[in-house]
Amino acid sequence: MAVRWTWAGKSCLLLAFLTVAYIFVELLVSTFHASAGAGRARELGSRRLSDLQKNTEDLSRPLYKKPPADSRALGEWGKASKLQLNEDELKQQEELIERYAINIYLSDRISLHRHIEDKRMYECKSQKFNYRTLPTTSVIIAFYNEAWSTLLRTIHSVLETSPAVLLKEIILVDDLSDRVYLKTQLETYISNLDRVRLIRTNKREGLVRARLIGATFATGDVLTFLDCHCECNSGWLEPLLERIGRDETAVVCPVIDTIDWNTFEFYMQIGEPMIGGFDWRLTFQWHSVPKQERDRRISRIDPIRSPTMAGGLFAVSKKYFQYLGTYDTGMEVWGGENLELSFRVWQCGGKLEIHPCSHVGHVFPKRAPYARPNFLQNTARAAEVWMDEYKEHFYNRNPPARKEAYGDISERKLLRERLRCKSFDWYLKNVFPNLHVPEDRPGWHGAIRSRGISSECLDYNSPDNNPTGANLSLFGCHGQGGNQFFEYTSNKEIRFNSVTELCAEVPEQKNYVGMQNCPKDGFPVPANIIWHFKEDGTIFHPHSGLCLSAYRTPEGRPDVQMRTCDALDKNQIWSFEK
């Protein structure tokens, strides 16, 4: 039977069809918009991530960009350089070396913007920093009659490796230089550099006070002190500031890489850096990292605790530096201030560290460019304020220091009391436990004088960088300690420990007296370094069966050797004297 549609039925069917069609179209449109919206969201998110990365890269940018590297240029990438010079040029070079103790003739021909190869550890290079949260810094560079090219290379090195967002300023402090080029010429040059300020002292202040003058003008959160002949490597600044940002009581040093004074080769330490120590003359020394410090650190890029610092290059929170009492302004010129500050940091609740990811090259001159006549005065101040009863070991090895007028130290002692600083005994046991503490028993330390050749004393003078590379000899007694200071220990060792812990030995089948490294505390004493200092004044060596004897060479020069013992031979009689 056929179905007949009424008008009303047809209308309902059409309405239903349109409704379904509308819903279908809406679903399509919604799906399209959702898909397009997600695409736009992904695009926007990607753009924001890209912007964030771009912003991070922007924040790491230095104030100035180095010119492109020229691999053919002298000294580029830190390579050694040597010039082929005629007679006149060679004479000029030697004159400049004599004046500056650095090969300035070569330095003047090396780019002020040279590139240094970045050999830092992978973990250092891959570190990420939140630049917006890092403290800012003022870099303080004090100088006196510094050569033009080494000073400017230092300045450009800072400007070209320090993120602009972190570098508040470079403050140059001219400590009354008298070189013409450091007057108007320098002012004109730095007037074209952003964030570089020049301050001149009106009298010779010395390194300590010159740096303090710079610190008073600093506006950064952190004070970063550099010497005036340095080159900063890539990424040198961020690790220092990040560490201080996490712990304001940390005083942090970069790894100090060596720049050869003659060839300007940049020797970058790629292994574990050395840490600072001292000998009992209060002279700074480098030491390897002890096992307990290696065990304490979790990562090889963690900061390394150091008993002392070299002093030329370090960063410290400005607030904390002021809290600690800044530098001891009673110290003159330079020398000893680094140990004084090191003791103070540790004994007064701070910590001193070397950051393995921060590298700064330093030109170590052929010799000190100018004298430090106040070294004993400065070290005596440090000993009197911070070393308690242990200062006697310093004075025993530096007899002239007992007569030094080290000035008024009452304020420094009040500072120690106010900060509730710990004892030097605590420092030795907790910070530098590997340092051997001398016995210095009464009557058994000092110069050992020959009774047979009474003007002569035992003397040990080793070559540089080879402590055991010489033999015991005789030299005119001078009463200055140093090379003529020895200690006879309860272990029957004859120790030479003004510089490093060396023990007198007689090599097998030999008649001379050499030196070897002493055994560490608690370890057995080898037979060939045991001596008997007898009541009659003879010094007997049981292992060889011989006695120490003074004698004169055929040329008449006094010397010492091992000989058959003879109680009647005055040349075998010795005595300790201060």
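Glycine residues also receive a Cβ, built from the backbone N, Cα and C atoms like all the rest.
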Listed by Swiss-Prot with Asp227, His229 as binding Mn(2+), from among His362, His393, His436, is His362
Smallest Cα-Cα separation from Asp459 (site 'Interaction with glycopeptide substrate') among the recorded positions Arg204, His478, Cys518 is shown by His478
Three-class DSSP assignment, His362 (Mn(2+) binding site), comes back as strand
Close in space but at least six residues away in sequence, with Cβ under 8 Å from that of Cys457 (disulfide bond), the same-chain residues are Ala447, Ile448, Arg449, Ser450, Leu474, Phe475, Gly476, Cys477, His478, Gln484
Students should find that the Cα atoms of His229 (Mn(2+) binding site) and Cys357 (disulfide bond) sit apart, in Å rounded to an integer, by 20
